[in-house]
Amino acid sequence: MARPRDSRSPSPAGSTHSSRRFRNDDRRDRDRRNDGRDHRRRTRSRSPDPRNRDRDRDRDRDRARDRDNYRRRDRSLDRRDDNHYRGGRRDNRERDRRRSRDRFDDRIRSPMTDRRRNRSRENDRDVRRRDDSRSRISGRREGTTDSPARSNRDDGRNQKTPLDDSGNGGASQAQTPKAEGGQADVDKKAERLAKLEAWKKKKESASQKQKEVNPSQTRNLLAEMDKKASGASSKTVSPSVSAIASPAATPTVESPAASYSGKFDPKAIAKKSAASRAHDASKPALGSLEGQPEKISVPVKQATTASALPANRTKASGFGFVKTNAETEKLTAKRKLDLDEEDTTKRKLTKLPALPIEADDTPYADQDDDESDGDNFAENEEEAAAAARAAHERRLQAENQMDTAEEETKPTDVETNGDVAMNNNASQPEPATQMEVDEEDDVDPLDAFMADLKQTDVRQPTKTSTTQKIQEPEAYFSDDEYDFNKKDEGDASALLAITAKRKKKDIPTIDYSKIEIEPIRKNFWHEPAELSLLTEAEVADLRLELDGIKVNGKDVPKPVQKWAQCGLTRQTLDVVDNLGYEKPTPIQMQALPALMSGRDVIGVAKTGSGKTVAFLLPMFRHIKDQPPLKDTDGPIGLIMTPTRELAVQIHKDCKPFLKMMGLRAVCAYGGAPIREQIAELKRGAEIIVCTPGRMIDLLAANQGRVTNLKRVTYVVLDEADRMFDMGFEPQVMKIFANMRPDRQTILFSATMPRIIDSLTKKVLKNPIEVTVGGRSVVAKEIEQIVEVRDEPSKFHRVLELLGELYDRDEDARTLIFVERQEKADDLLKELMMKGYPCMSIHGGKDQIDRDSTISDFKKGVVPILIATSVAARGLDVKQLKLVINYDAPNHLEDYVHRAGRTGRAGNTGVAVTFVTPEQENCAPGIAKALEQSGQPIPDRLNEMRKAHREKVKSGKAKDTSGFGGKGLDRLDQEREAARLRERKVHKAEGEEEEVTEDKKEDEDEKAEKALDAIRAAASGVLARESAKADDADAKSMPPVKTSGVVKDKAKDPLDKVSSAVSAINSRLGKAGQLRAGQPIDNKGPDAGAFHATLEINDFPQKARWAVTNRTNVAKILEATGTSITTKGNFYPAGKEVPAGAEPKLYILIEGDTEVVVSSALTELTRLLREGTIAAVDADSRAPASGRYTIT
């Protein structure tokens, strides 16, 4: 049986038609429900569709030009974006057409039926594509109530038949008007038109009644509507907002009226007509307001003729769905052109804040697609019409009140939560409240606003924010401003004090007496049975055999003889075995039991004897016994070193143990970026290896929130003798003051002078002192050679030593010590010229350069390293065979540490020291080191030592050990005496000096001296006529000595300047006169009636530059209108001016009035004073350490 040509049968499995759900299927279903017409390709009806031929003809005519490209592009994008797409992808038209033909090959049909069906199918694709051309951008399924609806205005543009004024015509799908219609459709249209006419008459009568509504009824109606709107959902259309938003678009642009693409619905037509008539009816009510400004009439006129379509557009944009199309931009531009700037601001104040609160989230173009709204139009039409008039009346009335309030109280604009609010004085609360009423744009009376404010929670944050913003100007213009002015008027010492307070690093102090501290376990020592059997005599003999270990203290544990007796964990012993440590060194044998028992220890041993491992192994056992770290906890173990290189080396020695035990360590030292070190500490670390200065920086950073010392219970000071000298002692004590009182403290060093003992005992409790091999002794494995030779022969001897060494061992390393940084770089250049690859390291270099240099030296990239004493402590290089003291060390401890860089861990090495005949003060320390280590003393060195002792006895020389023993106190005295270098070294380590009263007085004294010198150098403002008389008077007057002569005490530059100026004045007899009998050269045609001079020859170069550079002079010329000329010649200090030559360098100021010349002279005097003070400060400043200069 033949199937009718338009009847529908199930599609084959996998068919694109059966598996695909189109975006506008919901819209088609609704259209089919409304008018009984179906726009799908096939219908379920058994009767044929007579409109296929007409539809095909219209479609071929309209889409002939862009047929192929348009279909192919839109079809691929539509099917890609459809969320319900399940079938195979149709990439092009040919593939789709081939598949479509194959689907119906097995069906019986006539040729004409086939063609019609194929055309109908293609037409169906065209219909599906036409609606989706605009929605490809969104990438979302549209047409449902859950998704943002889209506009089909493109379809309206493509229609050949334009819409009429009443809105009859157009459908939800963009399709061509139908040429033929059934009789039923014609009857339906007639019935709808009849209903429409009846409805119009009804609305006209209602509009006439609304014109007579008084303002009180309008306000009551608005109050009820606001209550309803507050409880409604965000998707419910608010009539009041719709009416308020209606002026958002104007009918001046023709495109909105012509491109309306809504479906043919009498309810939509009724809504549109009602809005139009409501606006027309509201004209008399708006015009009846008295005192309405003329400028408001323009937007009101536009609002009365606005249709429902632009009204919905405003609501959508107010809620965030901004349509950036050409029509909206044109409308906005025209509205701004009609209004002046002031009116535009007011409209922002009164209108915009209300939109985000009650705006509808349904876009205007798809309003008729919402099924829930379609049935409620009739219920809301009367309220919408009434609210439209009331909204216009209320807004205009609010604008009038706002204008009145502005004239009375000149408020300030303050932004609150994206809106613009009016901010008044606190003394006028009522106008401020009224401004908020205008901002909300809801209810005109104040009581209605307050009632609505209590009910609605959305507006409360806005009010709170407004109150907070109001207080800010009050605080800004309060008494604090006058305090600031007083500070500005104060003396310079107050500013210096503020600056120093900001620079000062304060560590938050912790009072452990008020904190409950968890007890910790420190004693892990259990004496092995084999040690407990030893008698006291046997223990004494054992200690004597182990390089003569000497111990002091109570209950000293017996020394161990192998690693298994130390009480270490299995993991630690495995790492020790992997590192190849066969048995403990003498210092380790005695120090490990003492540290494992939780006692404070002072360890003194020769260089290279394994002191680092002696304090690291007990620390790991100590940390593992404590609870794990929490987020805000600081480290448990703290190791402090005097040099950065030593800190890096200790951190490197920790790494093999850290990975095995699951611990973390941070190396913090100056010169490296503190940001990375803070990040590592915040991640958590049980151990921190640091220098004191950087540790203080970390503790003071971020008000002490970076790290803390609350959990530090194991503290190590390596090279402890230097930690309590060299300026470290105050920093170390500041760190110790923030630690727990029950901590365990360990001090290790190769040298420990007796003068330091009293300082070390301050941080120790009942310590055990362990000394191996004596204090300040060079290891016996080191061969010491001391040569007394002149300075020129040193370099040739260095070349000889290097040649002999590298002939024997090409892989050997050589370390050359010098006294000063400049000498290190000079020696580097000379050795490089001789063909020896080498590098230098000293405190004047950046830390990254120092780190890379040490690394390259250890790896053998460069075999020779030239260094100052910064590399004398802790540096451990395996192949270091030769140490050369190019400049002899001036004390014993420095010599021991320099020589101890070689001959480490049982290896042998050579230390060669050059001593010049003039360095008799170095001879006693070097000779003592040779004696203690059993080395022969050269005869010339012994003679120099005796000669120095004679000088000391006679008072001609002073015997020093290299240690002050008083920390900063001693160093401060040296800095004050030298006035140079050590101050900057101290500050670089992190300790800033406080600004004392003496320093303030010095600053004031400097400023006064500079001012006196400038006043003496500047002349008074003289008239042109008085110049000759002054010259004659100067000739006849005898030289008069003034009291301005200053005695040159400390060779201060300011004193020199004052003395020179006073000498000039006493010689010339008049302040500022350049030379007796010499007239001022201001007789040119441009010479002013008044002039003044300012001699600048004897001031510092920076001061002279301040008053002669083009920028400063140009500012003075522009401000005063004077003429400023630099005259004379510059004569260095001490050089007299030849007879008949140009005078000393001075500045000539000329002007027409005395006032302008005096003003210019005052400004030049100020510049000269500032430049002089800056020059003096620059001279008193030293480089990084006072020894290194960049050439």
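Using the three backbone atoms N, Cα and C, a Cβ is placed for every residue, glycine included.
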Correct range for region 'Disordered' (source Swiss-Prot, candidates 620-646, 836-862, 917-943, 1025-1051): 1025-1051
Among ranges 561-589, 880-908, 1083-1111, whichever one Swiss-Prot labels motif 'Q motif': 561-589
Swiss-Prot annotation (motif 'DEAD box') - matching range among 490-493, 718-721, 1142-1145, 1162-1165: 718-721
Sparsest-packed among the binding-site residues, when each Cβ's other Cβ atoms within 10 Å are tallied, from Gly608, Gly610: Gly610
DSSP residue counts for the domain 'Helicase C-terminal' (801-945), split into helix, strand and coil: 65 helix, 26 strand, 54 coil
List of residues, in chain order, with Cβ under 8 A from that of Ala605 (ATP binding site) and at least 6 apart: Thr585, Pro586, Ile587, Lys611, Phe748, Ala750, Val770, Thr771, Val772, Gly773
For Ser609 (ATP binding site): intrachain residues, at least 6 apart, with Cβ closer than 8 Å: Thr585, Pro586, Ile587, Val772, Gly773, Ala779
Cβ-Cβ distance under 8 Å to Thr607 (ATP binding site), same chain, at least six residues away: Ala750, Val778, Ala779, Val896, His897, Ala899, Gly900, Arg901, Gly903, Arg904
Output field, ATP shell: CB within 8 Å of site CB centroid, site Ala605, Lys606, Thr607, Gly608, Ser609, Gly610, Lys611, Thr612 dropped: Thr585, Ile587, Ala750, Arg904
